[in-house]
Amino acid sequence: MKLQLIAVGTRMPDWVTRGFEEYQRRFPRDMALELIEIPAGKRGKNADIVRILQKEGEQMLAAIPKGNHIVSLDLPGKNWTTPELATALTKWQLDGRDVSLLIGGPEGLAPACKEAANQSWCLSALTLPHPLVRVVVAESLYRAWSVNTNHPYHRE
């Protein structure tokens with residue numbers, strides 16, 4: 001199974017890239033973690049945020065291979081504990097499809113992305129900077145994998 005993180009934004013700070021890659025390399029070959037970056041629309045004083053979100057959403061949806069299970073990261077989503085995420089990861093594996101996880105930009109996800117999602121995951125009730133979300137999601141997925149495989153990374 002492939003876990004595909006589709007995120008708005010390119011040119012992340014070095015610590016974000018290093019953090020994401022640290023967890024990405026820990027995954028086994030049979031559960032690869034891939035990152036697809038979508039260029040963020042130009043924002044400014046007079047920017048049309050609705051149009052920017054729409055364009056970002058179109059690009060995100062175009063990056064999803066047909067048949068993938070889609071999970072949006074969004075505040076109204078489900079708050080998962082680590083064991084609940086591990087259970088979700090097992091269900092995704094048993095489903096036999098690859099999984100695309102969608103991370104929006106500063107204003108969140110486009111409505112079309114939310115509508116296309118099979119599931120919605122609320123990472124935190126806190127407002128997190130979208131670059132940090134990449135690292136937290138990668139670590140959370142790795143931790144869930146470690147729970148499922150009895151790897152010593154996760155400790156109760």
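Glycine is no exception: its Cβ is also placed from the backbone N, Cα and C atoms.
For L123 (S-adenosyl-L-methionine binding site), the count of additional Cβ atoms within 10 Å of its Cβ stands at 18 [all protein chains shown]. Annotated S-adenosyl-L-methionine binding site per Swiss-Prot: L73, G104, L123, S124, A125, L126, T127, L128, in sequence order, evidence recorded as sequence analysis.
Compared over the binding-site residues S124, T127, the count of CB atoms lying within 10 A of a residue's CB peaks at S124.
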